[in-house]
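Trainee: Structure in structure tokens, see below.
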Amino acid sequence: MSETSERKKTSEAAKELGISENTLRKYSKIVEEVTGNPAYFAHQKNARLYSPEDLEKLRQLVAKSKEPGQTLLQAASGIFAKENSEKIAQVVASLQKTIESQNQVIDSLKEELSSLKEAQKPAAPADDVLGWDDIPDLPADDADEEADLDLPLTPEQKRERVVADMHRSDEEVHRALMDKVQEHAQKAAPTHRTLADMQLKSKKRPWWKRIF
């Protein structure tokens, strides 16, 4: 049996509660005002439908409204306002759990983002590894030897000197390799001798033979 089929129309609900349809409509209107929910009861074609739970609460309302000194509004507030507060508390608790879960996800994402940023940072100069302060002062060039004779080198200057020497060594190695290549190419190149080159040069006669 579906939930809709379990709900009863106003006439059926009033008969089950033992009150008139007008009284049931009045009670229903007060319940909607107390709960602040105009759609507290289900509707079908602008007519209210009452579930078994609704009928149970209305039955309590009918009984409580008959107590001495108890008005209908007070009785409805005591029954349905408490229910409304419980529902609100449930909603708030659910929202708090959702917020806590979202905060955990946000914290996790922040940690991942921080790790990614840390991994993408450029490597710092390896001063500790190379020990720039421990490197002895390198000899200066001839042009700067006299100017820098009495000035100690800073770690930054030492670093620049080392880098310059490394580039200089690379250039010398490249130059030596190019010289070897050219030398090898000259040796391997074929030699072309002309006929004049192949003829033996005539020996010059001594001057005394030319006289006689």
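Cβ atoms are placed via backbone N, Cα and C, with glycine included.
Just so you know, TrEMBL annotations never went through curation; they're auto-generated.
So TrEMBL has the following annotated:
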- 92-119: coiled coil (COILED)
- 120-169: region 'Disordered' (REGION)
- 130-149: compositional bias 'Acidic residues' (COMPBIAS)
- 156-169: compositional bias 'Basic and acidic residues' (COMPBIAS)
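Are these features on the surface or tucked inside, and what are their neighbours?
Mentor: Panel annotation: around the coiled coil (92-119), no residue of the same chain lying at least six beyond its termini places a Cβ under 8 Å from a Cβ of the stretch (none).
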Trainee: For the coiled coil (92-119), what's the mean pLDDT in this predicted model?
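Mentor: The answer is 79, the mean pLDDT of the model over that range.
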